[in-house]
């Protein structure tokens with residue numbers, strides 16, 4: 001029985017990591033397809049959180065999940081998770097105004113190092129030498145890339161590093177909530193989506209998306225292709241958040257960030273393969 005449980009735990013850990021990596025890669029391309037037609041990113045994120053809240057609520061009412069209903073005391077314990085989660089999004093978007101996308105991706109790869117340091121100071125200790133060295137080498141690569149960035153923007157870099165800090169904090173808190181409070185990934189996702197909505201509504205107003213974002217959304221809703229992509233984005237947003245929280249609870253915050261780094265590599269490879277296929281097709285003609 002002990003061996004069976006051990007094997008089951010190993011398979012679950014591997015499944016959580018792989019599913020998060022695949023969902024994260026897929027979300028990059030799906031969000032890109034949506035944002036090419038609907039550039040209101042904060043409104044899109046708000047819709048994803050609302051869809052998550054409604055789905056989990058109805059699943060709980062119909063008995064498809066054992067997640068408990070909304071509890072004020074639990075919400076108070078998870079308010080920082082939601083705050084850091086949305087602060088990460090806000091600062092990430094702000095950083096893109098001054099940092100090019102390749103450098104933004106590179107800076108975000110510092111997150112595993114930040115999680116490793118945060119884990120050490122929170123009493124988790126240091127991981128294996130192999131893991132530690134791989135994280136340090138990744139960080140060293142980011143520093144080398146930054147030194148070669150001639151379009152250095154202090155504001156953009158500041159926002160990006162702040163985003164890394166908030167991402168680190170919410171992943172560490174998610175890991176602690178699963179371990180100490182006994183909350184499942186579905187429950188953490190449910191509270192995070194509910195608590196995120198007020199903050200996101202504020203961001204929509206602060207960024208000037210509202211009320212134009214709603215009128216644009218209604219205008220584009222007459223297009224079947226746009227609706228299909230939008231619904232796919234909402235579904236994938238739910239899957240992405242679920243797999244991210246599952247990977248963090250089942251494995252660790254460090255594992256989640258490392259999978260995120262590998263996702264960036266995989267996305268880059270996929271993009272290059274697509275360009276090669278298109279280039280080959282053009283040459284064939």
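Here the Cβ of each residue, glycine as well, is placed from N, Cα and C on the backbone.
Bear in mind that TrEMBL entries carry predicted annotations, made automatically and left uncurated.
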From the ranges 105-124, 265-284, grab the one TrEMBL calls transmembrane segment.
-> 265-284
Report the listed stretch (12-30, 79-96, 128-147) having the maximum count of Cβ pairs within less than 8 Å of the transmembrane segment (188-210).
-> 79-96
For the transmembrane segment (79-96), which stretch among 12-30, 42-59, 128-147, 154-173, 222-245 has the most Cβ pairs under 8 A?
-> 154-173
Near the transmembrane segment (42-59) in space but 6 or more residues beyond its ends, with Cβ under 8 Å, are 31, 34-35, 65, 67, 89, 93, 186, 189-190, 192-194, 196-197, 200-201, 203-204, 207, 209-210, 213-214, 217, 230, 233-235, 237-238, 241
Using a Cβ-Cβ cut-off of under 8 Å, list the residues of the same chain that are 6+ residues beyond the ends of the transmembrane segment (128-147) and lie near it.
-> 102-103, 106-107, 109-110, 112-113, 116, 157, 254, 258, 261
Quick one: mean pLDDT on the domain 'Sugar phosphate transporter' (22-274)?
-> 80
